[in-house]
Amino acid sequence: MGSQEVLGQAARLASSGLLLQVLFRLITFVLNAFILRFLSKEIVGVVNVRLTLLYSTTIFLAREAFRRACLSGGTQRDWTQTLNLLWLTVPLGIFWSLCLGWVWLQLLEVPDPNVVPYYGTGVLLFGLSAVVELLGEPFWVLAQAHMFVKLKVLAESMSVILRSVLTALLVLWLPHWGLYIFSLAQLLYTAVLVLCYMLYLIKLLRSPESSKQLTLPISKVTQLLPSISRRKAFVNWNEARLTWSFFKQSFLKQILTEGERYVMTFLNVLNFGDQGIYDIVNNLGSLVARLIFQPVEESFYIFFAKVLEREKDASLQKQDDVAVAAAVLESLLKLALLTGLTVTVFGFAYSQLALDIYGGAMLSSGSGPVLMRCYCLYVLLLAVNGVTECFTFAAMSKEDVDRYNFTMLALSSSFLVLSYLLTSWCGSVGFIMANCFNMGIRITQSLSFIHHYFQESPHRPLAGLLLSPVLLGVFVLSAGITSVSEAFLCCERGWPARLAHIAVGTICLGVTLGTAFLTETKLIHFLRTQLGRSRLGDKMT
């Protein structure tokens with residue numbers, strides 16, 4: 001498979017389901033806004049911080065390293081060994097679920113049962129949901145490696161919507177169930193997600209007339225299950241060693257990704273109510289990252305991993321592949337920078353209005369608007385880091401990954417200390433400040449690797465981080481105009497003034513996007529090319 005074909009598939013994977021995912025996310029966005037009006041801050045804090053942290057930690061430690069290692073292999077791999085390796089995530093998940101569940105029940109502060117009922121049951125069921133989700137890991141990796149474009153979006157969107165609908169119904173009808181509500185909804189989410197992947201691949205393997213069935217490396221449903229052969233090892237030991245390297249890195253990355261939740265959970269720097277407010281703002285602020293940055297990062301990680309060979313510098317690779325990879329990286333960096341700047345500039349002036357519409361006075365008063373404004377700056381760093389690490393992790397050799405782990409270890413320690421100190425000094429805003437510092441260091445590490453990687457080649461993809469002076473001026477002007485508009489029109493002067501404030505922002509956003517269209521012609525050409533290829537691929541699949 002040529003690099004252009006792989007690029008087309010990656011672009012299709014990132015863009016074809018984007019509108020559908022946005023639609024589904026908007027539905028869940030509305031449902032969550034409804035749910036927030038029936039819950040206390042304390043229940044939101046326990047569910048969104050304490051229990052979600054248990055689930056995400058179990059999932060991350062059990063599968064992240066396996067995913068990265070098993071998606072990096074070439075076309076000549078033995079998929080039987082790869083699937084065997086992936087099935088090891090299930091016993092590993094059971095181990096982590098039991099260990100972490102004991103910590104959550106025995107070592108951490110237990111919330112007041114009169115305010116947050118059924119905490120123990122919530123811990124058990126959230127841990128079980130993590131194990132259920134791991135049952136679908138071999139199916140997920142197989143589908144991702146062969147770029148089944150719509151399956152991932154449909155499965156995740158359907159699961160999220162059903163979870164939100166069930167939560168809304170139970171909150172409305174049986175509010176006294178407490179954490180039972182969210183535990184049952186989480187189990188439904190993981191069960192539907194796994195069933196979607198399993199049923200799709202089983203149906204595909206049983207339909208010989210399907211063109212997609214011919215692209216799979218297996219031909220029978222039983223080959224999806226773990227198998228032992230006397231003629232070869234149970235797993236590919238090169239993949240296993242790479243998995244171990246990624247596991248050490250994943251452990252550190254999890255601390256960096258969920259660091260503020262660990263500090264809140266283990267050090268009790270915020271009460272459950274403040275944790276709830278912070279987490280709502282965090283989820284709302286990261287909406288752009290989940291909708292745009294994450295699909296792009298996951299899809300183009302696969303592209304870079306397939307096009308580039310890990311053990312070789314750019315000068316030793318096929319130059320056509322290197323040229324394509326450099327061009328794609330430059331365009332992705334430009335896209336991430338423009339998206340992040342847009343969120344930062346316009347989010348600053350519209351944070352309070354957005355929070356008031358979404359959650360009412362519980363969010364728009366107090367520290368909510370300040371948190372959201374700080375988070376908008378963090379989104380800019382998230383955007384750039386997502387693209388740079390996407391390339392870095394796909395191109396690093398095993399030795400590079402091991403060296404990077406030492407850096408992550410030092411960064412993890414400093415991040416936790418900084419989070420505690422800043423939060424003690426300035427409250428929940430300190431978490432975002434510490435995250436910005438952490439993200440800045442990670443971006444610097446990735447930029448250094450990319451610069452060194454392309455140093456001996458004629459390609460300079462880091463030029464994607466440079467914007468035209470005209471476009472930068474328009475961003476500055478828009479920031480000033482919208483800030484003045486917020487001061488005079490928002491948010492205590494009624495809906496006519498609010499609508500006028502929204503109109504001002506819409507005009508400024510239109511001018512900004514128009515200027516970007518005229519000045520960033522290289523990026524526009526890339527988007528047109530890949531979106532056109534994506535539409536053509538959708539017609540063919």
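Each residue, glycine too, has its Cβ placed from N, Cα and C.
Noted in TrEMBL for the protein shown:
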{"type": "TRANSMEM", "residues": "18-37", "note": "transmembrane segment"}
{"type": "TRANSMEM", "residues": "43-62", "note": "transmembrane segment"}
{"type": "TRANSMEM", "residues": "83-105", "note": "transmembrane segment"}
{"type": "TRANSMEM", "residues": "117-141", "note": "transmembrane segment"}
{"type": "TRANSMEM", "residues": "153-174", "note": "transmembrane segment"}
{"type": "TRANSMEM", "residues": "180-202", "note": "transmembrane segment"}
{"type": "TRANSMEM", "residues": "322-350", "note": "transmembrane segment"}
{"type": "TRANSMEM", "residues": "370-394", "note": "transmembrane segment"}
{"type": "TRANSMEM", "residues": "406-423", "note": "transmembrane segment"}
{"type": "TRANSMEM", "residues": "462-484", "note": "transmembrane segment"}
{"type": "TRANSMEM", "residues": "499-518", "note": "transmembrane segment"}
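Outside the transmembrane segment (322-350), and at least 6 residues removed from its termini, the chain residues within Cβ reach (under 8 Å) are 3-4, 7, 285, 288, 292-293, 296, 300, 303-304, 307-308, 314, 372-373, 375-377, 379-384, 386-388, 390-391, 450, 454, 457, 459-465, 467, 475, 478-479, 482-483, 485-486, 501-502, 505, 508-509, 512-513, 516, 520, 522-523, 526-527. Through the fold, the transmembrane segment (83-105) approaches residues 50, 54, 57-59, 61-63, 66, 69-70, 120, 123-124, 127-128, 130-131, 134-135, 137-138, 141-142, 223-227, 234-236, 239-240, 243 of its own chain, all at least 6 residues removed from its boundaries and within a Cβ separation under 8 Å. For the transmembrane segment (117-141), the most Cβ-contacting stretch among 153-174, 180-202, 370-394 is 180-202 (pairs under 8 Å).
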